[in-house]
Amino acid sequence: MVGVYVSNSSRKEHHYQEMEEAGEIRERPTEVVVHKVEAPPLRTSLSKMKLRLKETFFPDDPFRCFEGQPLKTKWALAAKYLFPILGWAPNYSLSLFKSDFISGLTIANSSFVPPLVYAVLGSSRDLAVGPVSIASLIMGSMLRQAVNPSADPLLFLQLAFTSTFFAGLFQASLGIFRLGFIIDFLSKATLVGFMAGAAIIVSLQQLKSLLGIVHFTNQMGLVPVMSSIFHRTNEWSWQTVLMGICFLVFLLLARHISLKRPKLFWVSAGAPLACVILSTLLVFLFKAQNHGISIIGKLKCGLNHPSWDKLLFDATYLGVVMKTGLVTGIISLTEGVAVGRTFASIKDYQVDGNKEMMAIGLMNIVGSCTSCYVTTGAFSRSAVNHNAGCKTAMSNVVMAITVMVTLLFLMPLFVYTPNVVLGAIIIAAVLGLIDIPAAYHIWKMDKIDFLVCLCAFLGVIFISVQDGLAIAVGISICRILLQTTRPKIVVLGNIRGTEIYRDLQQYKEARRIQGFLILAVEAPINFANTIYLKERVRRCIEEENVVEHEQAALQFVILDLSAVFTIDTSGIASLIELKKSMEKRGLELLFINPNGEVMEKLQRANNVHNFLGVDSLYLTIGEAVLSLSSLAKVSP
């Protein structure tokens, strides 16, 4: 009998001596050295806690550039870290300004102060900040539950500014305390469903302007909105409908052209302004306001006064504004950070997520004190900014100046602008948020994710914006908990001619090893899944015994712990119980490749309970099988 054995195992040495004395073998097996499973270097509990906190709150290690630098350089680096404008402003040139100037003019919107704040504090070169439809929708729908904007516009304005303040405070806090991982609970599926539902709700709300309805519901759900539309057919204006459809088709056609030919991005970017100018001229020339076309009316020139005196912290409305600020803050922050990272990857530069949170948060805090409601970086506006050739955040400064000039001198030009055109512009903008290909891709990839997407979509449409979002997030969290409590455990087999072991169900060429049950645990082991782990292993043993009933009896159970990156005391206790249970059945339980933390805790537990035998730990499955096969007289 010629095989393999482990040269450093006293147990095997004694076994072979007995076989030699009994005359069972004439020649010792070929010697193969089995690699030892090393314990991690000793570290104090304090050092391990510091490392864990660092990886949790500072995964990007933002302070590494300060190491070994003189004090003056450290102060300069700190200033650049807090104010990213100091990184690009000293080397700013006229050629860069030309590109930023064109981009800034292209993306000009109704926001004035926030873009200036972001230009100083933001780290993205492409992000164009301003009001976005989703945040506007959420804020409007949530605040309407507390006050009617038509009945008390001043109170509604106060609540909007206060909600913006709390949104900014929450966003800045996430950045300051390095808690950005919280927004990761808004998965791709959640956002796709939520934005699609929100886009439909926003579009339905604009039917008031598109149809010329005067008395319209304040509710946001699909049923009350449709009921209000068909109960007010007597208020429909054919002139308004005709104008609205014409301009909506024009806007959608411009958007289609820009999507098909990216070089013509300016067609979609300039279409809303062209609609406003053309419709205003038509109303003025034909006196359309006298024929059922509703117009904006007289607008005051000048910049809005500071609004810090309008922040309302009254106990009656404090709960509403805090909840509104929390929801709008999370949504706008998620969109802003995601958009910034998207364009940063295209241009191959880094965007610091936590700095973006601080920048967006402080931008909204300042905005709430300067008559602005919640703002962030919108994907469509940032895409236009990117395509227009922006080079730095200076494009936001140009945009702010353009808005300021408009507010100071050009407001009288919009007196005859029809409301129906503004409704058409909003509908055309939000329809781009309905991403049907993304939803189809989610359906093909993961049915549970599609369920999350569908719940967000239906919840927003039929219940409310915040409830739909909460339902989707709740399902996502339940899925994470389910994955934690029910970890994946697979049975491995050997691919013949190699020392590779893979999932028997995934790899048809993989074969079982007689006498061995090889299991891979592909999740952390903790108090939430220890019961399931033990039951799953026992079930696998019973199934293996059925398979090997007419073959070699099962002798070894191998647990591959390579994917188990952490384990708690309950997990260690379950492994000890499992090993003792195996021994009562005449089976030997072995552990493969425990990583640093798992190995350290196994050693500490072994010092107390002495449950690890001489051959309980191996570095690879192949070494374990080769070593134990010769001892058990089982041929792999």
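Cβ coordinates are placed from backbone N, Cα and C, and glycine is handled just like the others.
These come from TrEMBL:
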- 506-628: domain 'STAS' (DOMAIN)
- 153-177: transmembrane segment (TRANSMEM)
- 189-216: transmembrane segment (TRANSMEM)
- 236-253: transmembrane segment (TRANSMEM)
- 265-286: transmembrane segment (TRANSMEM)
- 357-376: transmembrane segment (TRANSMEM)
- 397-415: transmembrane segment (TRANSMEM)
- 421-443: transmembrane segment (TRANSMEM)
- 450-477: transmembrane segment (TRANSMEM)
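In the predicted model, the domain 'STAS' (506-628) has a mean pLDDT of 87. Long-range neighbours of the transmembrane segment (236-253) within the same chain, counting only residues 6 or more positions beyond its ends whose Cβ lies under 8 Å from a Cβ of the stretch, are 209-213, 271-272, 275, 279, 282, 288, 291-294, 418, 420-421, 423-425, 427-428, 431. Within the same chain, the transmembrane segment (189-216) stays apart from the transmembrane segment (397-415): fewer than three Cβ pairs sit under 8 Å, each pair at least 6 residues apart. If you count C-beta pairs under 8 angstroms between the transmembrane segment (357-376) and each of 153-177, 265-286, 397-415, 421-443, 450-477, the highest count goes to 153-177.
Among residues of the same chain six or more beyond the transmembrane segment (265-286), those with a C-beta under 8 A of the stretch's C-beta atoms are 106-107, 243, 247, 250-251, 254-255, 257-259, 293, 295, 383-384, 387-388, 413-414, 416-418, 420-422, 424-425, 428-429.
Listed as Cβ neighbours of the transmembrane segment (450-477) (distance under 8 Å, sequence separation of 6 or more from its ends, same chain) are residues 137-138, 141-142, 185-187, 189-194, 196-198, 200-201, 220-223, 323, 327, 331, 439, 442-443. Secondary structure of the domain 'STAS' (506-628) per DSSP, as helix, strand and coil residue counts: 56 helix, 22 strand, 45 coil.
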